[in-house]
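K.L.:
Residues or ranges marked as compositional bias 'Polar residues' in Swiss-Prot: 51-65. The compositional bias 'Basic and acidic residues' feature in Swiss-Prot is assigned to 66-75. According to Swiss-Prot, the phosphothreonine annotation covers Thr76, on the basis of a large-scale study or a structure entry. The region 'Disordered' annotation in Swiss-Prot covers 45-78. Under the heading topological domain 'Cytoplasmic', Swiss-Prot lists 1-95, 224-236, 298-321, 397-423, 473-491, 550-603 (among others), citing sequence analysis as support. Per Swiss-Prot, the feature topological domain 'Extracellular' maps to 117-121, 186-203, 256-279, 343-376, 443-451, 511-530; the stated evidence is sequence analysis. Swiss-Prot lists 96-116, 122-142, 166-185, 204-223, 237-255, 280-297, 322-342, 377-396, 424-442, 452-472, 492-510, 531-549 with the feature transmembrane segment.
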Amino acid sequence: MPRNPLKKEYWADVVDGFKPATSPAFENEKESTTFVTELTSKTDSAFPLSSKDSPGINQTTNDITSSDRFRRNEDTEQEDINNTNLSKDLSVRHLLTLAVGGAIGTGLYVNTGAALSTGGPASLVIDWVIISTCLFTVINSLGELSAAFPVVGGFNVYSMRFIEPSFAFAVNLNYLAQWLVLLPLELVAASITIKYWNDKINSDAWVAIFYATIALANMLDVKSFGETEFVLSMIKILSIIGFTILGIVLSCGGGPHGGYIGGKYWHDPGAFVGHSSGTQFKGLCSVFVTAAFSYSGIEMTAVSAAESKNPRETIPKAAKRTFWLITASYVTILTLIGCLVPSNDPRLLNGSSSVDAASSPLVIAIENGGIKGLPSLMNAIILIAVVSVANSAVYACSRCMVAMAHIGNLPKFLNRVDKRGRPMNAILLTLFFGLLSFVAASDKQAEVFTWLSALSGLSTIFCWMAINLSHIRFRQAMKVQERSLDELPFISQTGVKGSWYGFIVLFLVLIASFWTSLFPLGGSGASAESFFEGYLSFPILIVCYVGHKLYTRNWTLMVKLEDMDLDTGRKQVDLTLRREEMRIERETLAKRSFVTRFLHFWC
């Protein structure tokens, strides 16, 4: 009979990234890997239950010895990772560029065109800003959990541990499907982008070239992979900076065609699309899911937790910096797009598919400016962007498979890691699914990917809601078990209230998506086809949840707060020493300039 993951005893026997110690793979890895065998739950409590932040409990003081300090400094990496076999070579810049690689792609360069045509320039800015505020709470929640529990797969584990196994299985499987579909989708997008220069060569030939390149990149060790993604992401960041400067110049009338543009297109054809307030509001609501999808991948910082050098410091830094970088990029670019491209421009809908760079508002903006040569350069950048996203998709998908295999949601052979720290079985399975990209030459490829994307269309929203709910439940358990927040290496800036805000707003986005999917914009009534294209992932989520319940025969709705394991996988912390460190840090920071304090808080 399988052990119950709702009980503390289950997590007490979990090591190596929360892999059951009884699994056959664990015994094999024992011979080739050095790992900690003393788990916090098998020794004395890792954290003193008394604290000034825990009312009603007597304060106790632990003696701090030189050996304590030595262990704290020298064994950080070993304790941080809880000895997963994955290579631990990713730094802050690697984590940041991995997230950028996953989040800045067709969502920004291409899909924003359809969103502009559907909702108008005001809808673009409003929706992306609202989603950004939710994302800020998600990033903070994720930073707190990942710093405390830097395990392989990150949030894939948190929802199972802090919410409920069936819920975790459904959300994780949906999230995994998103990355599985994204790989072939981006490869097809790359082949379509090539048609801008040459449409005579068979698309599958280009798919084969890109497929082989991505497969090779993911066969490298994780550090080499991180450096590859760093270069690709830097190209995207530089292109965004370049377009921002160019967009400002064009908007002010500095292009070859001359003439001040400013907010001209906000007045004609208008800030919103539609002739009535109801139609305009529906257009606004229909863009929300596009906004959320475009940000998907920013949670990659937590997926990489088990492969970073010092996750308790790097994860919060990378998460916050990633948020500001991606949010600033999107909001700035979208504002400029709204000024340079009218929402009724027919080219926004002329693409052969949702990933056709011909409908990119950035390319259209440059063409409208009359600058020769630059549209071709922007197309080349879009090509690099989609290849980068496909590269990140293999990484994210394989690590999610490892995490799900660790917690028993996928077959155990997927969690095996080779001597170079690569989860080869998971990578090969992901690449196998990528063979779907060879439908690029088919006339039905757009229809195929429309329905494949529908399988996980809302997965990003489900994932973010699960992260915020995990954080809420974690904090509730801390309170019930009378634990101190001083135990946490990083504390969310938005707190529990911020997590509730993000969860509620994302829930409202799901409701808005239900409405716009069932009653699509421009339709005469309810449309079953439109509904399943936009909302199919929700009934699939329910089926996965119920199916897991029936299979496991576990009818508990939530992990009990008093039973929640708050120790396993965390480093032993001396609260007295930690408080002294925090006091010194605050005093040192208080002497710094305002700019330094500002950057320290937000970045």
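Here the Cβ of each residue, glycine as well, is placed from N, Cα and C on the backbone.
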K.L.:
Take a look at 204-223, 280-297, 424-442 and tell me which one has the most Cβ pairs under 8 Å to the transmembrane segment (166-185).
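P.N.:
Comparing 204-223, 280-297, 424-442 against the transmembrane segment (166-185), the winner is 424-442.
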K.L.:
Is it the case that the transmembrane segment (452-472) and the transmembrane segment (237-255) touch, counting contact as three or more CB pairs under 8 Å in which the residues of each pair are 6 or more positions apart?
P.N.:
no
K.L.:
Go ahead and report the DSSP secondary structure tallies for the topological domain 'Cytoplasmic' (550-603): helix first, then strand, then coil.
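P.N.:
Computed counts for the topological domain 'Cytoplasmic' (550-603) are 31 helix, 0 strand, 23 coil.
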K.L.:
Going along the chain, which residues at least six beyond the ends of the transmembrane segment (122-142) come within the CB cut-off of under 8 Å?
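P.N.:
Contacts of the transmembrane segment (122-142) (Cβ under 8 Å, skipping residues fewer than 6 from its ends): 112, 115-116, 154-155, 266, 271-273, 283-284, 287-288, 290-292, 294-295, 298-299, 301-302, 319-320, 322-323, 327, 330-331, 334-335, 337-338, 464, 467-468, 470-471, 492-494, 498-499, 501-502, 505-506, 509.
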K.L.:
Can you break down the topological domain 'Extracellular' (186-203) into helix, strand and coil residue counts using DSSP?
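P.N.:
Summed by class, the stretch gives 10 helix, 0 strand, 8 coil.
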K.L.:
Under 8 Å for C-beta pairs, could you tell me which stretch among 204-223, 280-297, 492-510, 531-549 has the largest tally with the transmembrane segment (424-442)?
P.N.:
204-223
K.L.:
Who are the long-range neighbours of the topological domain 'Extracellular' (186-203) in its own chain, taking Cβ under 8 Å and residues 6 or more past its ends?
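P.N.:
Here the qualifying positions are 105-106, 110, 210-211, 214, 352-353, 355-358, 376, 379, 382-383, 386-387, 389-390, 393, 434, 437, 439-441, 445, 449.
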